[in-house]
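Chemist: Have a look at this one.
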Amino acid sequence: MELDFGHFDERDKTSRNMRGSRMNGLPSPTHSAHCSFYRTRTLQALSNEKKAKKVRFYRNGDRYFKGIVYAVSSDRFRSFDALLADLTRSLSDNINLPQGVRYIYTIDGSRKIGSMDELEEGESYVCSSDNFFKKVEYTKNVNPNWSVNVKTSANMKAPQSLASSNSAQARENKDFVRPKLVTIIRSGVKPRKAVRVLLNKKTAHSFEQVLTDITEAIKLETGVVKKLYTLDGKQVTCLHDFFGDDDVFIACGPEKFRYAQDDFSLDENECRVMKGNPSATAGPKASPTPQKTSAKSPGPMRRSKSPADSGNDQDANGTSSSQLSTPKSKQSPISTPTSPGSLRKHKDLYLPLSLDDSDSLGDSM
């Protein structure tokens, strides 16, 4: 006798499907649209995480470097330190990045990048060795259409227009730029450091660029040079102020400048730096010495040629000429000072020198 249990199997399948669908009030995850949407969202997030971001990196303070394009992704760089190490191998040099890449800034220096998630597609960043951003027109030598991002290409039009306007303004203002040597004195307690900076059409492109060069030369303890003042207390606000009547400027950092009279007065060392090389001022003082010796040197020759008024003068001339011809005769009066002849010779030894001094004084007068 055979028993048919097929209807029991179909009933069990139906009950299992109903229990699975009614557990959360939603269809089964295997056959629901919610599961397909979840899978799509997960794949999209994974693709976005693995998608490389195209960014450009510059060297801090290098206005002639066109930058290097990097494809930054989590597959290529496992951590932010790995990105810094790879940038060090690509960008490190002894001038702008002597200690490698340790910091990454935005192109305007307003923000410091701390992770790869903060990097945005199509943007530009500046790599630095120290915690100091140098404000330079980095995008001046770069084609603005390098990025495929539409938003970035639209934003890059503004710096291009600013660069064109700045170049036009520079062409208009080239008349007042002339070769000039200015003295920059560091503000603070004396003795203060002073440097001389040459300004011309090749070194003075903009006011910000001159401030950057002065910062590198003067090396303030507080960092960046923010303000410059003349000795009259007038603040320098534009490039045209460097080419006025003032040649000496006081460099100040972010700290509040103290308007004290002593800050605008120069001491002896600072005045020497203004005048130039200190050895140049000491040169004329040393020149009269050889002239005085040259005036003394022809003295004995002139006295030997001129006739003497007394016999003592003739003896004096005779002894002096013999002493000049034979240097051993100088030791004879000194060896026997007690003899009368030695006293006479010793007396005559100093006579021409005193006469020559009087003659030289008379000639100088």
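These residue numbers are counts, starting from 1, taken along the chain as shown.
Note: Cβ is positioned from N, Cα and C throughout, glycine not excepted.
A quick note: this is a predicted structure, and the numbers were derived from the prediction, not measured.
Take a look at what Swiss-Prot says about it:
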- 11-31: region 'Disordered' (REGION)
- Thr14: phosphothreonine (MOD_RES)
- 53-139: domain 'Doublecortin 1' (DOMAIN)
- Tyr70: phosphotyrosine (MOD_RES)
- Ser115: phosphoserine (MOD_RES)
- 180-263: domain 'Doublecortin 2' (DOMAIN)
- Ser265: phosphoserine (MOD_RES)
- 275-365: region 'Disordered' (REGION)
- 307-341: compositional bias 'Polar residues' (COMPBIAS)
- Thr326: phosphothreonine (MOD_RES)
- Thr326: phosphothreonine (MOD_RES)
- Ser332: phosphoserine (MOD_RES)
- Ser332: phosphoserine (MOD_RES)
- Thr336: phosphothreonine (MOD_RES)
- Ser342: phosphoserine (MOD_RES)
- Ser354: phosphoserine (MOD_RES)
- 356-365: compositional bias 'Acidic residues' (COMPBIAS)
- Ser360: phosphoserine (MOD_RES)
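Help me understand the surroundings of these features in the structure.
Modeler: Mapped onto three states, the DSSP output places Tyr70 (phosphotyrosine) in strand.
The DSSP secondary structure for Ser115 (phosphoserine) is coil.
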Chemist: With every protein chain in view, what's the tally of Cβ atoms within 10 Å of the Cβ of Tyr70 (phosphotyrosine), excluding that atom itself?
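Modeler: Counting Cβ neighbours of Tyr70 (phosphotyrosine) within 10 Å gives 20.
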Chemist: Given Ser115 (phosphoserine) and Tyr70 (phosphotyrosine), what distance in Å do their CA atoms have, once rounded to a whole number?
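Modeler: Ser115 (phosphoserine) to Tyr70 (phosphotyrosine), Cα-Cα distance: 15 Å.
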Chemist: Other than its own, how many Cβ atoms are within 10 Å of the Cβ belonging to Ser115 (phosphoserine)?
Modeler: 10
Chemist: Write out how many residues of the domain 'Doublecortin 2' (180-263) are helix, how many strand and how many coil, based on DSSP.
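Modeler: The domain 'Doublecortin 2' (180-263) comes out at 20 helix, 25 strand, 39 coil.
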